[in-house]
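Only one structure is covered here, and it is reproduced in the block below.
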Amino acid sequence: MGNGNSREAKGSRRSRLIQKLQKFRTHRRHLRSRCSRNSAGVVNQKAVTAEDFSGIALLTLIGADMKFKDKWLACVSFGEQTFRTEISDTTEKPIWNSEKKLLLEKNGPSLVRISVFETNKLSRNKIVGYCELDIFDFVVQEPESASKSFDLLDPTSSKVVGTISLSCAIEDPVETEKRFAKRILSIVDYNEDGQLSFSEFSDLIKAFGNLVAAKKKEDLFRAADLNGDGVVTIDELAALLALQQEKEPIINNCPVCGEAQLSDKLNAMIHMTLCFDEGTGNQVMTGGFLTDRQASYGWMFKLSEWTHLSTYDVGLNTGSSASHIVVIDRKSKRLVEELIDSKIVLSMRAIYQSKIGLRLMDQGAKEILQRLSEKQGKKMNSAESAQKIRSFLEFFKDQINMAEVKYPLQHFKTFNEFFIRELKPGARPIACLNRNDVAVCAADCRLMAFQSVEDSTRFWIKGRKFSIRGLLGKSVHPNAFLDGSLVIFRLAPQDYHRFHVPVSGIIEKFVDLSGSLYTVNPIAVNSKYCNVFTENKRTVAIISTAEFGKVAFVAIGATMVGSINFVRKEGERVKKGDELGYFSFGGSTVICVFEKDSIRIDEDLLVNSGRSLETLVRVGMQLGVSTRTLG
């Protein structure tokens, strides 16, 4: 039994995949450029199902040309996985020749970030430069795996600090399927004679966990055993299984990681190929990292390099109970580490996640936090505080883009002036600007979104007796919001600290609520000992809209935040994306509460939140659509 693949068949299959990639790239750009509606008035957020595909791109980091000698390593971040090369010798021109297979699929990530770190005794694992490329664009433009050089940009200044050479090509899908089937079949070739008996084949089918296939195993085996001698070669069965997997999948669970497979047949085969490669260590790059920063230090998130993050709550594992916070960037679909001083993390855990900390709060810690915030607020408004701006930028060098800031650095006379910096016009495009039935994100932040308050307390808010009544206060008459949807916008110190209107409407009123100044860090939010959102100082703005009914916009103060400042007045008509106010120095949070069944929040935000994973978003990104206009 031959494999049934001629050179022409291979070429046509690969050509069809290239054509699908080209169509898909065009379709993705079309979706990004406008918000379309179908005849029923529903926003079209998904690609055409006919363009569904899956494939493997082989990315090779060849080497780099840097401006000084050192030891170098490179990290590749793609989706929720990060990989690293070996460390080079001391040189200006490091050579890695490191390969990594990346999965391309319709709703998957496309943006690859490559970071280059210098590593020595004086400057250990310091990021020097990075570049980003859309892998769909690359494989369409360079289908024959031609090498290409990209500029490496300094994270702080965007100046070119070197170049990196890489290549990327699509792997032939037919060969992918056949090679995987051949390798997985070899596992049950117990006597290693290159042939499988029926009993060996039966063991394999049993491991796949497909009861239907188990009933057909005799038919499958006979289809390969053309001469009827009771054994078939691995090549024969590999070709048969590759063909069968596309017609009628026989593999329910990945034999390597155990993850249940999708209904998409080619996706399942390619998933298993990548999983098998990583699980058996057959690739040059090392995986198992969440972010490039962790990869540069070699911090393994799991000992198994092929672990899939979707199988557990990554947010809780890296937020409330860890020394670092990991969020997922909505634009690039990759995990990003939020920088925070380890000493501060330890102190927060001691205060907010222990009974001792609770007693400290009851014995005057609230007043201490208040005095500390007032003192820091005055200090950050002094002329001397301007000296802290450059060190602040250095600490968050790859998370603050000064090219977006309205004024140059010398414009800011105090640290607080820099902290509440404005952005250039157009730096934050507003999604579907002329459509009031589309709500947008209110801040540059880490976002959690829940269709109901019950979901929010199940996945994220662990404080005692959290409620909408407690959040909004008695004077707001919160009955309309009791079973509504909840969106939490958490601003970290490095974020742009002005908040914007998420919906178009009229500001009915502002209500000030006094309270404490606990931190809004996930460590405190996930504490069972305090209610950050219902006990902190906050201001509630009620916005009346035609599309969403009433929307409660709650600006919450936090440790080091001296004041909450609104730039709009009661009775004023506002349009989504308009600036609404700003926070002074420190981290802070905005919560939006929508009336029950008034908004359909975007699916990706809900899925991430269900994993207790915050999504990194920007002002103006789409948040959801009014359910009142969908019918």
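Keep in mind that glycine also has a Cβ here, set from the backbone N, Cα and C atoms.
As written in TrEMBL, here are the features:
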{"type": "ACT_SITE", "residues": "S588", "note": "active site, schiff-base intermediate with substrate"}
{"type": "DOMAIN", "residues": "23-148", "note": "domain 'C2'"}
{"type": "DOMAIN", "residues": "176-211", "note": "domain 'EF-hand'"}
{"type": "DOMAIN", "residues": "212-247", "note": "domain 'EF-hand'"}
{"type": "MOD_RES", "residues": "S588", "note": "pyruvic acid (Ser)"}
State the count of C-beta atoms found within 10 angstroms of the C-beta of S588 (active site, schiff-base intermediate with substrate), not counting that atom itself. 31
If I take every residue in the domain 'EF-hand' (212-247) and average their pLDDT values, what number comes out? 76
Could you tell me how many residues in the domain 'EF-hand' (212-247) are helical, how many are strand and how many are coil under DSSP? 26 helix, 3 strand, 7 coil
